Amino acid sequence: MEFPYRHEALTGTDSIRLLRILPSKDTDAPLQVQLFDYILDGTLEETHPYEALSYVWGNLGTSCSIFVHKYDSPRYILPITSNLHKALLHLRYPVLERVIWVDAICINQNDNKEKEQQIRLMYKIFTHANCVLVWLGEEADDSDQVLEELRVTGRKKAANFAYEETVQESVVKLLRRDWFLRIWVLQEVAAARRIQILYGRSKIDGYAFCLAMDSLRKSVEAHNELQTLQSAIRSITYLIRGAIFRPYRQTLGTVSEAICPLGELVDMFRTHQASKPQDKVYALLGMSSDDMNSDDMSKPNLLPDYSVPYEELLIRLVKFVLSDKVHVETQKDREVAVIKGKGCILGSIFSIEGNMASDNKQRVRVSWRGLLGHSKASGHIYTPWILQSSAIPLQRGDLICLLRGATKPTIIRVYGDFSAILVIAASPPYIEIGGEHLQWLEVLQRINLFNRDLTLIWDRNYLADQLTQLGSYSAWVRSNDWKLGKPDTDTEDHLDEATRLWNCALILTDGREFDIGQKRFQEGIASYEKAFESKGWQTPKSEPELSAMLQGIGSTYDTIPDLLLLKDNADRMMMHTQYASAPLAWAIRGGQRAMAKLWLQLGDVNINHRDEAEQTLLTLAASYGQLDIVERLLQANADVNAAAADGGRTALQAAAEGGHLKVVERLLQANADVNAAAAGGYSGRTALQAAAEGGHLGVVERLLQANAEVNAAAAAGGRNGRTALQAAAQGGHLKVVERLLQANADVNAAADGGRTALQAAAEGGHFGVVEQLLQANADVNTAAAEELNGRTALQAAAQGGHLKVVERLLQANADVNVAAAAGGRNGRTALQAAAEGGHLKVVERLLQANAEVNAAAARYNGRTALQAAAEGGYLDVVERLLQANAKVNTAAARYDGRTALQAAAQGGHLKVVEQLLQANADVNAVVAGVYIIRPTALQAAARGGHLKVVERLLQANADVNVAAADRGRTALQAAAGGGHLKVVERLLQANADVNAAVAEGGRNGRTAIQAAAEGGHLGVVERLLQANADVNAAAADGGRTALQAAAEGGHFGVVERLLQANAEVNAAAARYHGRTALQAAAQGGHLGVVERLLQANADVNAAAAEKGNSGRTALQAAAEGGHLDVVERLLQANAKVNAAAGGYNGRTALQAAAEGGYLDIVERLLQANADVNAAAADDGRMALQAAAQGGHLKVVEQLLQANADVNAAAAGAYIIRPTALQAAAEGGHLKVVERLVEAGAT
């Protein structure tokens, strides 16, 4: 008889149940199990009697039963989900019992109290397990080989592994499995010491799985179906990878077990899913480095308790992570919190510098504000910041704030009048200024100005596009049906929105987002105006009235009138930002004339206030054509001729540039200086030049009436000294040109750059202007000065392809064969210029005018028109020039000696190559230029991978084995270096010499296989080996073998193939630093390659040959490069930790790591018994001296703890080195000096 199974109560707080699966040789037999109690002890031993299962429950509606045996009683039935049932069937052994822990069976799911108590033990449970078994489910029909594919990929781990170009559909299906998104699996794999992944009957080691994911990362990230899973997959693989590095013996409960603080965990894993929302918090507690069992009553209680509603738990979480000083609003069944509080802006994200996927980190560069409490940080400073990867990608402009009471910064993104939280509590930044580290706690203590009101939305299901579309807090409230705590009216709505916009403007200004901040201020002003209209309020008539009104609508600022009215004693942060940040200036910029007039009429305004660009309010209003504001400012005695100190524009110049005729008129009436020249910042222009450039005829007319000097040239350095006529001609403003000529403008005046008005018009193709200037007797053959390429008008028009202008200039007797003046455009004629641009009709017209077809540019690398057209691939121009008897085999006099055929071949222009060959081009020409000797046409085509051109040249009997004279490369070597497999194949068919070495001096004497290996071109390497390439040939000059070249680049697939072809693993490069393949791979940090070379018996302690990288071993090279994983692997392979480099200043690995400031490597080397006081053989420095000189405080601390001699002063063979204290003082590293003195340095 069978009965439902009932769990018996557990006996103690450290008790758990384990499941014993009874064996069966019949794979279809019912599952027979036993449950028994097990007590977890307090230490972690080497072996443990159970495995732990990590899986997804699956559909709760599809259940199966297992039979539980209990003592001698009848067996009991326990229902479980179908997915778990399948997992247990796969795990059952045929002969032996198997003991596992699985939550659905080992925890009484009907007892919430037991569940809460067991949840607190789960991290401990998975830590104790001798293996964590990850069950991904049964294989899909077409994916039974997916784990085998991943195993192969993992073994051949390399960032550019050849098979990564596509992600097989089976891998995609695997990564879409629900397990990757389940929240509970995180702590299960985070606690594990060993992980095995099961997919049906297939299995793979967890670390191998991660190596495969690394290799496939680019393909996975590019796969459209996996875009939303990127964060989840990255975080899971990060945790799985860490399993093999977790110690097997350690006291439980120590901070070293934890991943990171709870706030960071919440951000990292916000996309993971759970059946109960509370589990999104409870599942992370075991991984948190925060003390959840603290007796501190001020901290909210987050221990598992399913009686606490999620909305209350979310409030507790926010206050725990941030501060109890923030106000938090939540609502039932919503994973959203609205957080309000006082804070300050610390800085902004300046740039994103990439993700470090293997460490689940991201690196950004931050612009910090000048409030970090350091004498050297008074202005904005820029430093890198490495922080945990978040589920939401950061971007430039995101702001870093600190809420009152918080101990860690929060990263936010402003949307309209509110901000979204991207990272709720980021790891404190490491800020170093001038070699001195700013302690974060000291920074916190010095920040006491929490002057910004923040409205923050923390949405666990954050969608950036949705927030961008909503754009405002009120829209977000409506969209989310968010219940506000007070009645809502239109007036209150507008006033609240205005206040939020104002706050956001201040926040953005603090973060140096001036343009967006300005826009928010203008929107805030508009919202205030809407509030006035909705209430029927009258515009205030006095300052007190305005003050009372603004204070009455709930503003938090005590000095609103001062802030608005720009008094001299106003808040300077408000008054000055980069782009006219003062509210009055913003009102002018935004066209808020009513508000601007109000501020002006209230009086006591600084009329001549300048923004940060030093523009006056009058200049600003004039530039926007705001006549009424200009009028009021003039009435208030604004200085009409004040020029901006930097840009140098007066109000008249600004108005003229914008074409604001009425403003120009008013300023002239106010005695504006009509001939004042702007400073260099505005190109030295007068008002007339500015108006002419913009084509503003009416303004030009008025300025001439006011006696503007028509022939004034822009001041030195400004717009290249242009007159008004040249400016108008360049812009093609015909009527302005006519008017200036009527005013006796000098038609042949040359600007500082040497260009006349005619040349400027010709360059722009302005036919009407050209015609007008010629009628005014413009000199058609004047050449511009060297700065503007020495061109005549004809050359300028030909280059631009302006046929009508060319025709008109020729009619005016332009010299068709004159070359650009010496140094100018390197001596091109008009024909060469037209040919280079591919302008067939212009070429045709110039030839009709007897242009010399074979003229070589005087200095433009000596090219003829044919060579220029061939390089550009202009077939029709090439054909026309050949018809005109262009010499097909002329070599460019200076342009690297190339013929037209070589130029066309290099560009891959097949049809041009064909045309030139038909014209008897020399297919094997190797022509020397003045400076560089170029390859033959075949070598040029091979280098570019132009298969069809290569094919055509071979048909024309191109010599396949000739070597270029300068770099010595054959076509095969060129193609191999570029990875052009099909070209390599064709050249081998044409009997290319597979083992030819590059001629002396050329690319270090490489053979084709060395070139392909260096580039990581596995397919090419494979083909060359099939063609009997010498796998161990050393480059004639540099001495590298193919294996050494591939190892240096980290090309795992190539390394693997070369080893299969019996590449000598311990060969040392003859001259290329004397390195072996292992040393090269270690220096580059290529762990997969290092692993493979060690498997192939690479000598782990071989030193680079004499003079080669100064005798470093692989361990020294890895330590110097900061590659911890490589250092770890080399130590496992018995690398000598205290070996001194033969010549590289005699440094040990420890000294190299200390000099680079690599704390983790220093710690690992010390664990491996590195000699902390060993002195470098050559320069005599110890590790402590090296670290002190670099200002690496944490490394210094670690070395002192390891008993480094603080007063050692080691003399080198050539240089007497300072002590650590002297080195630190020399570098200005104050914190290091203090620490050394504490340690007894004298």
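Note: Cβ is positioned from N, Cα and C throughout, glycine not excepted.
Feature annotation from TrEMBL assigns domain 'Heterokaryon incompatibility' to 50-188.
When pLDDT values are averaged over the repeat 'ANK' (647-679), the model yields 90. The repeat 'ANK' annotation in TrEMBL covers 647-679 (among others).
The repeat 'ANK' annotation in TrEMBL covers 683-715 (among others).
Long-range contacts of the repeat 'ANK' (753-785) within its own chain (CB-CB distance under 8 A, at least 6 residues past either end) are made by residues 720-723, 725-726, 728-734, 737-738, 741, 747, 791-794, 796-797, 799-802, 804-805, 808-809, 812-815, 818, 820-821, 824. Annotation comment: TrEMBL describes 753-785 (among others) as repeat 'ANK'.
The repeat 'ANK' annotation in TrEMBL covers 826-858 (among others). Remote same-chain partners of the repeat 'ANK' (826-858), defined as residues 6 or more beyond its termini with a Cβ less than 8 Å from a stretch Cβ, comprise 790, 792, 794-795, 797-803, 806-807, 810, 816-820, 864-866, 868-869, 871-872, 874, 876-877, 880-881, 884-887, 890, 892-893.
Annotation comment: TrEMBL describes 936-965 (among others) as repeat 'ANK'.
Positions annotated as repeat 'ANK' by TrEMBL: 967-999 (among others).
Taken from TrEMBL, the feature repeat 'ANK' applies to 1004-1036 (among others). Sequence-distant contacts of the repeat 'ANK' (1004-1036) (same chain, at least 6 residues past either end, Cβ-Cβ under 8 Å): 158, 160, 162, 968, 970, 972-973, 975-981, 984-985, 988, 992, 994-998, 1042-1043, 1045-1046, 1048-1051, 1053-1054, 1057-1058, 1061-1064, 1067, 1069-1070, 1072.
Taken from TrEMBL, the feature repeat 'ANK' applies to 1038-1070 (among others).
If you look up TrEMBL, you'll see 1073-1105 (among others) marked as repeat 'ANK'. Break the repeat 'ANK' (1073-1105) down by DSSP state and the numbers are 17 helix, 0 strand, 16 coil.
Residues or ranges marked as repeat 'ANK' by TrEMBL: 1110-1142 (among others). Counting residue by residue with DSSP, the repeat 'ANK' (1110-1142) contains 19 helix, 0 strand, 14 coil.
Under the heading repeat 'ANK', TrEMBL lists 1145-1177 (among others).
The repeat 'ANK' annotation in TrEMBL covers 1219-1242 (among others). DSSP labels the residues of the repeat 'ANK' (1219-1242) in these numbers: 16 helix, 0 strand, 8 coil.
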(request) Could you give me the DSSP helix, strand and coil counts for the repeat 'ANK' (1004-1036)? (result) 19 helix, 0 strand, 14 coil
